[in-house]
Amino acid sequence: PFAVHLSGTKYGCGVGGCGACTVMLSTYDPIAKKIRHHPANSCLLPISSLHGAAVTTVEGVGSIKNRINPIQERLAKCHGSQCGFCTPGMVMSIYALLRNHVKPSMEQIISALDGNLCRCTGYRPIIDSYASFEQTCCQLRGTGQCCLDQEELGCSSSVVIKLFILTFLKTYKSLSFPPQRIVQEQQRKTLIFCSKRTTWISPSTLKELLELKAKYPKAPLVVGNTSLGLKKNDCDAYHPVILHPLRIPEMQVFSITDDGIVIGAACCLAQLRDILMETIPKLPEEKTKIYQALLQQLRTLAGEQIRSMASLGGHVVSRGSAWDLNPILSAGKSVLNLASDGGKRQIFLNDQFLAGHKHADIEPKEVIVSVLIPYSTKDEFISAFRQADRQKNAFSIVNAGLRVLFSPGTDTIVDLSILYGGIGSTTLSARKSCEKLIGRQWNDQMLSEACKLVLEEISLPPSASGGKVEYRRTLLVSFLFRFYLEVLHGLHQMYPFRYAELSQDKMSALGMLQSGTHSCLQDVDPGQSPQDPVGRPVMHQSGIKHTTGEAVYIDDIRPVDGELSLAVVTSVKAHAKIKSIDISEALQVPGVINVVTAKDVPGKNGNDEEEAFAKDKVICVGQIICAVVAETLTQAKCGAKKVKIAYEDLQPVLTIKDAIKHNSYITKERKLEKGDIEKGFKSADKIIEGELHMGGQEHFYLETNSVLVIPRMEDKEMDVYVSTQHATDVQKLVASALNLQSNKIMCHTKRVGGAFGGKITKPSFFAVIAAVAANKTGRPVRFALERDMDMLITGGRHPFFGKYKVGFMKDGRIMAADFQCYINGGCTKDESELVIEYIVLKVDNAYNIPNLRVRGHACKTNLPSNTAFRGFGFPQAGLFVETCIVAVATKTGLPHEKVREINMYKGVNRTAFKEKFDAENLWKCWKECLVKSDYHSRKTKVEEFNRKNYWKKKGIAIIPMKFSVGFNATYFHQAGALVHIYLDGSVLVTHGGIELGQGIHTKMLQIASRELKIPLSYIHFCETSSTTVPNGKYTAGSVGTEINARAVQDACQILWKRLDPIRRKNPKGKWEDWISEAHKKSISLSATGYFKGYVTDMNWESKKGHAFPYFLYGAACSEVEIDCLTGAHKNIRTDIVMDASFSINPAIDIGQIEGAFIQGVGLYTLEEIYFSPEGEQLTLSPDTYKIPAVCDIPEQFHVYLLPNSCNSIAIYSSKGVGEAGFFLGSSVFFAIRDAVAAARKERGLPLDFTLNSPLTVERIRMACDDIFTKMCCEPWYTTCFQ
């Protein structure tokens, strides 16, 4: 990669789980005599496996220098990128799809994006842009025109689809695969690649492979490297010989025989899917039951990149417990065709093979050549089931393959197979249970006995690995019940006069939940000047560069001479004294230059709250102790593994419960009171008490923390290129650590690949570590954290525990509330003091509680320090108070929306801390959302659906929001800018804000364009740097754009005023003429702009203050459907109304609202962090930590900006919307709760239940208590979070 410097392909996770590194592989198939194209995760691809292949990176698709591809143009113009880090991967996934299908279906488009994660956009604009390539997308189909020519119909592009397809075929297809590669493959030579430790052999014939396997029986066969590739970071894990059988014709075979379909073991799972999709329609339906079951699993298994790399043989032989195909292949009596140098044989792919029994297993010298998947028969029924934390691209929690064979024309069981994955270390069979059920009739009595037998045979101890024991046991019988009903339904269809049709209740148990998408956009004021870009949906300034991979991030900066790589050594203890650090072995590793510890820091080791290098003791797992610098990253990591740390254990505090017990707090209690709380409780008709637990949340920005430090040759100066939200703090801490003045440290940030609050404090410490290493070695140092290390070291959103006591009247009016709020702050102060303050200040949300007491505590524990995160405490506080509202509504029996309305602020009012505000727009948003969402009509339909369906339920909820924007201190709102006008009339704008994906630079250019009355094309932004605009505050709190906009506006107005004499003298002159004349008149064409900031303050002694600049209002209505048998849910529709006042760029603002909303959906329903009992975080990659994917967005997603709204405080009457949409994701949480309540009501269960967050599939299923949950566990209860 350093030879060609192609940096468009991004490192996102290193385990093939995020799609940022997607490339397209093109290979020649000598059997089919055609070129195959497929997407692949480059992070898993061994270089040796690419011989004979053509690799297309995003640079090969199109570039600004040459020509951009319509895929790239469409995505940029549809506002489908924000931070842009994931965008090249998105482009490559769709590019590979369109190379194979020039007119893809919407299902194929969604499927192509299964393996791509985006943390910014909420996916809607990405899907919209690529839906324009769908075969039925054109809204003007049949008119002779194309909808893409109509600017007013949405995302416009100058390239028509038909023209694109012609260009695509003629220009790209013939050029993408080099002819010499075809010749090489036709020659079919054996390929051998050797490194110091490993020999990679790619034989061309089966005979040669078998000879090699006989010679090297322990050598693994690697096709897609999706299993071994996950261990590539382990320096000590390697194989002396690896065999690559991809080029062997017999292992790529596909044939239809009298017994079934034969699939080569080296065929990838995507090929298997395509083969099945093509074959099923050609066969009699009764023969295809196993194929349909496999196809069902293949649609959700992994992402498209992994499906295109992982082989069927690898899937089978690795026998992973969560592998979805093995249970159904085994249940369907599939046969493995084996070969060795001693001959061929066949074995069944059965439970004994999957369990690794010696008599049923593969011999060390054997290989799987192909798999025979037999036909099903008329009296045979086969089904596959799975449930995962996320609908797609997630390992199964439990999967199953079930098959029954009846005596012809009857329902008497002749053969039965029940297999489960996700329970043990491999797939398990309920063989004994099945044997006992042979000869039984397929009826309710059989089902009851089958459930009992299965639960006895498939045991899962309380301490089982993976947890969720009761839930997993429940899935065993839930899947069995669903299979039972599917078979009954099938019997009725085959013999309608012999077997009764299922009741409506039972029919509701059948079928899977699936999703699709829709969209909307705000109109522009028609009276606005066409030359004025403010208020228009201008494309992101870097949008095209995002899509072409030409946008440069920190780790994309080309290596500089003498550059070293850095890897850190972190604590494995949560709380311990450091007895010794032995670096001797590390220094012996080839390439290692030095090891850096706290002793090497010339100045201050961090700040008053936190150390950069742990010195005498460690206070959390993941705390950095020392750093190893080496010539390469691999050498640095190997050196880091050789550092030996000796500890003396101390007692850790890990949970909020522990901290309360030990009185362990970061700050003093924060407290607010309003009214007379005791009097309020006395006047109430009823009083309720309860608790809420919320888990934390990982930022999971796609670009991990990265820093490049380059020492200059003189004066001890340093350039620090860093991915941060707070360049000033980086400069300050690095200068302090090196014992230098800040004027010697130059910080540069072009753009950041996502942050969400997670890059405010920690990047400063990473920069210190790299700078100290650079200072010690005298060489440039690059420090880019790998995903697991980033997630281990950095904290996230604060876990929350709240206790409430609420007094209310029979009509739902809340008279008094007493709230106690706790957050887990982790091991250092970080931003925890501010977060608990904001929770206390914001906990009322939209509700006027006349008598209120709120007490807040930030707990100190031995976990990594939690920090700022989008919403900054409000997502926790908002969910807490809404839980109280729901509890009141449940007790009174009133509709939830009525209880919300009766308690909402009305008119001009004051908060608990005496800040004055007008709730008019709160009510406008609420009423508009009721109308736009058609709430009351849909609520009636939801109730009707629920009456007819026992096993599936719908829920609907509407949530209001009062969100405070900004910070509670004036100095946080100050900003500076520098604007230069050059002699050719071009303008350079710089400011103190940082581009995180929120489009701040784009809006700055729009503002400069309006103020200077020149086209956007005249204006350029270079980078954020401490050398141009000093002392910038961190870009956060939703106000980064508006405060820096004020500074840019100030500088532009100064320049415009200076040009006033020139303009009056030549009013009809051109801009360039004015600038030339101004220069001749010695008028300065450079100006500094400054904004002092919004005046805010909060006095915690008096409990009063003007804590926030202004409030933003909104409302969201969401409708969901849940599967009561599994806990799965789908988001049917969401309508959001947001009071954005006058939007400077509606496309960017709507994108921010959508992205925040989906991130909120992740917090409330999906994202779960696990820690070991010793305090080590276990969720360190996209494999174990699931953020929302394409499959999680609402089928209909509507965002409306409230019209005719103004904000006299901010520039152009705008409002900061970057965070507000996050809390509205709770509308999905409460819609799910509504659906669960409907299920519980029908089952006669109490309705005064509490659901903790995140509302995962496990919690949903176990809350829908029924006969199956009662079979499997004690009464379900929720657990306390870390």
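Numbers run from 1 along the shown chain.
Positions of Cβ are set from backbone N, Cα and C atoms, glycine also.
Per TrEMBL, active site, proton acceptor is recorded for E1219. Note: E1219 (active site, proton acceptor) has non-local neighbours R870, G871, F872, F874, F963, V965, G1037, S1038, A1156, i.e. same-chain residues 6+ apart with C-beta under 8 A of its own C-beta.
Taking a C-beta cut-off of under 8 angstroms and a sequence separation of 6 or more, C13 ([2Fe-2S] cluster 1 binding site) has the following same-chain neighbours: A20, C43, R787, S1181, P1182. For C13, C18, C21, C43, the entry in TrEMBL reads [2Fe-2S] cluster 1 binding site.
Neighbour list (C120 ([2Fe-2S] cluster 2 binding site), Cβ cut-off 8 Å, at least 6 residues apart, same chain): S81, Q82, C83, C86, G754, G997, G1151, G1155. Per TrEMBL, the feature [2Fe-2S] cluster 2 binding site maps to C83, C86, C118, C120.
According to TrEMBL, the FAD binding site annotation covers L221, V222, V223, G224, N225, T226, S227, L228, D324, R386. Neighbour density for S227 (FAD binding site): within 10 A of its CB lie 18 other CB atoms from the protein chains shown.
Long-range C-beta contacts of Q725 (Mo-molybdopterin binding site), restricted to its own chain and to partners at least six residues apart, with a cutoff below 8 Å, comprise V752, A755, G757, K759, I760, P763, I994, L996, Y1034, T1035, A1036. Feature annotation from TrEMBL assigns Mo-molybdopterin binding site to Q725, F756, R870, G1037.
Neighbour count (other Cβ atoms within 10 Å of the Cβ, all protein chains): 27 for F872 (substrate binding site). Sequence annotations record features per position, and here TrEMBL assigns substrate binding site to F872.
Marked as domain 'FAD-binding PCMH-type' by TrEMBL: 193-378.
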**OP:** Could you please provide the mean pLDDT value for the domain 'FAD-binding PCMH-type' (193-378)?
**Re:** 92
**OP:** May I ask which of the binding-site residues C118, V223, N225, D324, F756 is closest to C18 ([2Fe-2S] cluster 1 binding site) if we compare their C-alpha atoms?
**Re:** C118
Original post:
For the recorded [2Fe-2S] cluster 1 site formed by C13, C18, C21, C43, which further same-chain residues have Cβ atoms within 8 Å of the site's Cβ center?
Top reply: K10, Y11, G12, G14, V15, G16, G17, G19, A20, N41, S42, R787, P1182
Subject >> Nearest of the binding-site residues (C118, L221, V223, D324) to F756 (Mo-molybdopterin binding site) - Cα to Cα >> reply: C118
**OP:** Whole-number Å only: compute the distance from the Cα of S227 (FAD binding site) to the Cα of C118 ([2Fe-2S] cluster 2 binding site).
**Re:** 24
Original post:
At the Cα level, what's the spacing in Å between C21 ([2Fe-2S] cluster 1 binding site) and D324 (FAD binding site), rounded?
Top reply: 25
**OP:** Identify which of the binding-site residues C83, V223 has its Cβ surrounded by the largest number of other Cβ atoms within 10 Å, counting every protein chain shown.
**Re:** C83
Original post:
Using the Cβ centroid of Q725, F756, R870, G1037 as the reference point for the Mo-molybdopterin site, which residues of the same chain not in that list have Cβ within 8 Å?
Top reply: A755, G757, G758, I760, A868, F869, F872, L996, T1035, A1036, G1218, E1219
Original post:
Which whole-number value in Å describes the distance between the Cα atoms of D324 (FAD binding site) and C118 ([2Fe-2S] cluster 2 binding site)?
Top reply: 25
Subject >> Shell list ([2Fe-2S] cluster 2; ref centroid = CB of C83, C86, C118, C120; cutoff 8 A) >> reply: S81, Q82, G84, F85, T87, R119, T121, L702, G753, G754, G997, G1155
